[in-house]
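A short write-up of the structure that comes next.
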Amino acid sequence: MAVQMEYEKDVKVPALDGKKIAVIGYGSQGHAHSQNLRDTGHDVIIGVRPGKSFDKAKEDGFDTYTVAEATKLADVIMILAPDEIQQELYEAEIAPNLEAGNAVGFAHGFNIHFEFIKVPADVDVFMCAPKGPGHLVRRTFEEGFGVPALYAVYQDATGNAKDIAMDWCKGIGAARVGLLETTYKEETEEDLFGEQAVLCGGLTALIETGFEVLTEAGYAPELAYFEVLHEMKLIVDLIYEGGFKKMRQSISNTAEFGDYVSGPRVITEQVKENMKAVLTDIQNGKFANDFVNDYKAGRPKLTAYREEAANLEIEKVGAELRKAMPFVGQNDDDAFKIYN
């Protein structure tokens, strides 16, 4: 079923007017939502644990409190802390301070959909999920545009949850460019699948495998890096701007012919079956439980995965090549730590 794009004109009720808003977390999404909402005239406070994010929020001019204090003061509470810490944060500091008629929001449905967080029946639960990272949500807002967003209602205790969700999306600039209504189930499962099978897991595995095939065949690692990784952005930018059609119109006939001939040899029916298995593990909660259990155990799996990835030859080759290419962007690993 096709969904209809909605815009600022479709946001009929200023549901956030007169409400005290608490943004919980001041990371990637937190800093963007809070600053954009403030700039659109809303009353925003920050709830965050002591540390760099707390200090940054105060530096940016926000009244900043502990999570518990911010929850007590607020009518609408948006939880933008990392997925893996939301459950303990909610149970320890948010749940004891909620009141009937409050609204609790999320930018991703993970903890609600998989029932790690259960909100009382007399509290609204909504979602505003921008389809872009926080720095882009903020930058495009400042440029007069925005990032499209999904919105959803999981629990409508007051009858106002949808209006709150849409007005939140408007407040961060998303309604300038388009909103799509969804459900917590749909957003959560599709988002995780996209990340794992295509955008992050699938893409990095494809690049690394291509690099291995070339280097194992005797080609220079530096040249292999350019062919399978460096040029990826050039192709993705074309697809982003105009779909497969623009990309194919922009490349050589040789490249286009090879696209049609060899793409299906790489992404076979077996790969599609593997993708379906990934989706099944998302749908049945296996991935969610594995992720949360690893976090509760001290992240042994995630730590091991990170160490293994850091030692890949393609990473070492790329690090050296990028030193000679300042035009590719920020090389400082600490650049966005305050917002992650």
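Cβ coordinates come from backbone N, Cα and C, glycine included.
Swiss-Prot names Y26, G27, S28, Q29, R49, S53, D83, E84, I85, Q86 as NADP(+) ligands; from the candidate set G134, G144, G146, G159, the record adds G134 to that same site. The secondary structure of Y26 (NADP(+) binding site), as reduced to three states from DSSP, is coil rather than helix or strand. DSSP classifies D83 (NADP(+) binding site) as helix under the three-state reduction. The helix, strand and coil residue counts that DSSP assigns across the domain 'KARI C-terminal knotted' (183-328) are 126 helix, 0 strand, 20 coil. The binding-site residues S28, S252 differ in how many other CB atoms lie within 10 Å of their CB, and the one with the most is S28.
On the 0 to 100 pLDDT scale, the domain 'KARI C-terminal knotted' (183-328) averages 97 in the predicted structure.
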